[in-house]
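Below is one structure; the comments refer to it alone.
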């Protein structure tokens, strides 16, 4: 790092170095950090706008609190890049989201400053409360701070935690990073002075003494409390938090670093549950990101003067194809409803949300509610289609069982980002949905291998009349045989792509094309099956393949344990057939960040590796047979 370009930031290797600076220098440091962040992420790709908006807040928190002794928790972790920069990982930021590089989110094994590994929303307050309780029991003086955004605060678990924290009166500080609000100069000035006053130890000590004095005069005490709450309620938007038992302070300008430091220093001296409400600008310091923070939430590599380039070309991706299908379905059936838990853009639902506003529901970060809402809509005669990323569908497993399957309602669950997603790391790989859905009665699950098959399977799910899931990966591929059609597929039937001998490959999803191509390129005479359905599985086809081949090799873009391949082995055994089955997929470990192709090679799931493993398996089986003879 150039000390000429970054005279302050180049000297910050830990928060201890940060504390050596006078407060008057922190704004200059923020400018340097923001410039460094823009320069680096433009070359690496990654989460962008959230981090830009949290620069001053991050500096102030590490300046005031004694991290890592004091415990700082970041919800989700989209805004974590400035935190990484200030905690000894500045020069490694160029490796973020790459194989063997920095994790894209907070990661406990990466740094002592990362209290929890993160990636999913709304978890920080519960974790902070647990730490606060543990600190009290252990009688240590650690401060606990949780930073949560206004988006993550929409998750129900965040309010569950706040309700509990207020009830227990534990010593925890919540920072609400609100980048949806705009603080005008007049309101900002008032809020600034109010925040300084309400967070001051002298004011809070006076309040405690006043309550104690008035305790012997209940009627006067009751009147005084009501008057105090009314006064605060007129000037501050924190009534809800006060009702939950929190001492609310704010809102204040999250980019006024001197005020941030002063208020945090005051709040550090207080005890009990308290919340500081700060208003920030997502994308702060980079005009294109400020103007369109959604587009700059996560960015590919880009030229800083130009910005992220957009293309009007039609994309052949599964999420765009889903969006096109949803538009088509809605045009032909007025009962079709679209539901998303805050993933409108990523799921390809923007056109639907704009054209069918009264049939579109963005429930925010509330996956459980998304499925419950869908269940209610279906029970009321509608045809709900809820699109959820695979990794976030985990959060609504009880609703899959209790509110879709047991009720047996016609809900289409579009499982986006299923399988390996790559650079976002362990918290975002969508590799568990096959295992946790296939065990649920009344559910069917389909795995399209192409865009055309995705369209037909979505048609099938919509017409099924019972809960149905269609899982598909991120991105697309060359197999873009998509067409507008009302065609469906026969439920529970696989498709033989090529027929050979000795080895039968049974594959779910687009990975079948890599296996098919490898078998052809190597001039092998093996069978390749696109199984299509995880549930119900084509037992007749499996029995037929087991009877014709020496071994069966299954491949799925998900975990092996509990996966679809294990069902193939069970069906072979149940039908008294002697045909060894090798299950391939994600091993029993969390998959680190890397490109999807790197992960497939690492796990032995690319076409060449799969064919090689299959041939080793066949040779091993033949050796066993020869020994028996």
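Even glycines carry a Cβ here, placed using N, Cα and C.
Where the annotation comes from TrEMBL, it is an automatic prediction and has not been curated.
Together with 78, 119, 120, 121, 151, 152, 179, 286, TrEMBL lists one candidate of 4, 367, 483 for binding thiamine diphosphate, that being 367. The record assigns 78, 119, 120, 121, 151, 152, 179, 286, 367 to the thiamine diphosphate site; their largest pairwise CA distance measures 32 Å.
In the structure as shown, the Cβ atom of residue 179 (thiamine diphosphate binding site) sits within 10 Å of 23 other Cβ atoms. Cβ neighbour counts within 10 Å, taken over all protein chains shown, single out 367 as the most crowded of the binding-site residues 150, 367.
DSSP assigns residue 78 (thiamine diphosphate binding site) to coil in the three-state reduction, placing it in neither a helix nor a strand. The binding-site residues considered are 78, 120; of these, 120 has the fewest other C-beta atoms within 10 angstroms of its C-beta.
The Cβ of residue 151 (thiamine diphosphate binding site) has 121, 180, 342, 364, 365 as same-chain neighbours under 8 Å, each 6 or more residues away in sequence.
The shortest Cα-Cα distance from residue 150 (Mg(2+) binding site) to any of the binding-site residues (78, 120, 179, 367) is found for 179. In three-state terms derived from DSSP, residue 367 (thiamine diphosphate binding site) belongs to a helical segment.
The secondary structure of residue 120 (thiamine diphosphate binding site), as reduced to three states from DSSP, is coil rather than helix or strand.
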